[in-house]
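Here's what Swiss-Prot has on this protein:
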- 103-286: domain 'ATP-grasp' (DOMAIN)
- K138, 176-188, R204: ATP binding site (BINDING)
- D247, E259: Mg(2+) 1 binding site (BINDING)
- D247, E259: Mn(2+) 1 binding site (BINDING)
- E259, N261: Mn(2+) 2 binding site (BINDING)
- E259, N261: Mg(2+) 2 binding site (BINDING)
Amino acid sequence: MRMGIISEERDWVTDELKSKMEKNDIDPVIIQPSKIISYIESEVKFEQNNRSILDLKCAFVRNIGEGVEMFHRFDMLKYLENYVPIINPMDGIENAGNKFRTSFLMEVHKIPHPKTIVAEDVNKALIAADKFEDVVLKPLFGNQGKGLVRVKGRSTVAKLKALNTFKSTHGVIYMQEFVNNPNNVYRDIRAFVVGDKVISAMYRTSDNWITNIHQNGVPEKCEITEELSKIVLAAKDAVGLVYAGVDILESSDGLKVIEVNACPSWEGLSRISEVDIAQNLIDEALNYAKEY
């Protein structure tokens, strides 16, 4: 049996999946999207290194790269999905990768999330920012806590400058109300859900308001409560994923979803959790392929 790992670059996650596949007597196939050639003729073919990839049992998507090429690669994988089960589904990856879509889906499905305003007009954004005592600007597309800007207690002139700078870099201004932790600490929760079960969770704490592990956040064990499990499963299903890393904030009125990650790493979780996440993913992938 051959199982794919689609990633433009090798990283800790691809190596973990590859190793776990080998331990399950599965032949891992590392697929670089840039190396796939598609034949669109009477017989549709997708090949890498002159070998078809249509015989894969299923394939994990890890990283399809950046730039203009990314749009082609996304479309290519979406069509490959007609022949090979792709995990996560490409529609779900698209929903999770766009913060506007994620926020919209949280609201449609009545899942608690911070108040959010999205605008392209800087002056309108400035008026909207005044609705919040404290606000965070986030790139629509991005991860690992990169590109975040917190606007708190600034003068109107300083806010306008921050918004103009953000707009010139990112094009669209996505603003989210800053949620204070009731315990007066900088921390959030990353919960890892596979199928219909939240299998692991951690607090990410920091002396800075950006708590991502890639921004020096420190992982600590987090109990999987009924409240946490319920909101994480709802977020995963709303976005349309098989598995996910869901980021949660604690607030004075309960938990709130801030992000749903469709291609999450569990390197940080592996430091504090005894759960074999890679094995859980392989098992779920085989079940998904069986029902595909």
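Glycine too: its Cβ is placed from the backbone N, Cα and C atoms.
Mapped onto this structure are the features recorded in Swiss-Prot.
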residue: K138; record: ATP binding site; Cβ within 10 Å: 24
residue: E177; record: ATP binding site; Cβ within 10 Å: 18
residue: N181; record: ATP binding site; Cβ within 10 Å: 16
residue: N183; record: ATP binding site; Cβ within 10 Å: 8
residue: V185; record: ATP binding site; Cβ within 10 Å: 13
residue: R187; record: ATP binding site; Cβ within 10 Å: 19
residue: R204; record: ATP binding site; Cβ within 10 Å: 24
residue: D247; record: Mg(2+) 1 binding site; Cβ within 10 Å: 23
residue: E259; record: Mg(2+) 1 binding site; Cβ within 10 Å: 25
residue: N261; record: Mn(2+) 2 binding site; Cβ within 10 Å: 22
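Here D247 (Mg(2+) 1 binding site) is positioned 13 angstrom away from V179 (ATP binding site), judged by their C-alpha atoms. For R187 (ATP binding site), the nearest of the binding-site residues D247, E259, N261 in terms of C-alpha separation is D247.
Of all the Cβ atoms in the protein chains shown, 19 others lie within 10 Å of the Cβ of V179 (ATP binding site). Within 10 Å of D247 (Mg(2+) 1 binding site), counting CA to CA, the binding-site residues E177, N181, N183, V185, N261 contribute N261.
Cα-Cα distance from V185 (ATP binding site) to N261 (Mn(2+) 2 binding site): 23 Å (rounded to the nearest whole number). Predicted-model confidence for the domain 'ATP-grasp' (103-286) is 92, expressed as mean pLDDT. Counting in whole angstrom, N181 (ATP binding site) lies 17 from E259 (Mg(2+) 1 binding site) by their C-alpha atoms.
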